[in-house]
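Working notes, beginning with the structure itself.
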Amino acid sequence: MKRILGTAIAALVVLLAFIAPAQAADLAHGGQVFSANCAACHLGGRNVVNPAKTLQKADLDQYGMASIEAITTQVTNGKGAMPAFGSKLSADDIADVASYVLDQSEKGWQG
């Protein structure tokens, strides 16, 4: 039993070693996608079209947008004044930019 548990823990450690760099790369790519496609309206987490609905954590929470799924849907399909990017960006691009937005909102858009 101890041998199986030890093997399982070792496998988990190896797996996690590969997951963390992939997530960092996804955030870096998400930042590039954001800069190229979103920053004109959302630079620094702001919203030039509707200043009341920013990408700040409190606003994302208030409007039910503080999840990968919600942001992915919004970016893919658009809503209101925000255009749809589903035909312009790949699913990976959209997932990466959604992760980037959530990460930045947690950091207060400080970097």
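Just so you know, glycine gets a Cβ as well, placed from its N, Cα and C.
Positions annotated as signal peptide by Swiss-Prot, on the basis of similarity to another entry: 1-24.
Per Swiss-Prot, the feature heme c binding site maps to CYS38, CYS41, HIS42, MET82; the stated evidence is similarity to another entry. In the three-state DSSP classification, MET82 (heme c binding site) falls within a strand.
Around CYS41 (heme c binding site), the same-chain residues at least 6 positions away in sequence with a Cβ under 8 Å from its Cβ are ASN47, VAL48, VAL49, MET82. Shown in sequence order, ASN37, ALA39, ALA40, ASN47, VAL49, LEU55 are the same-chain residues outside CYS38, CYS41, HIS42, MET82 whose Cβ sits within 8 Å of the Cβ centre of the heme c site.
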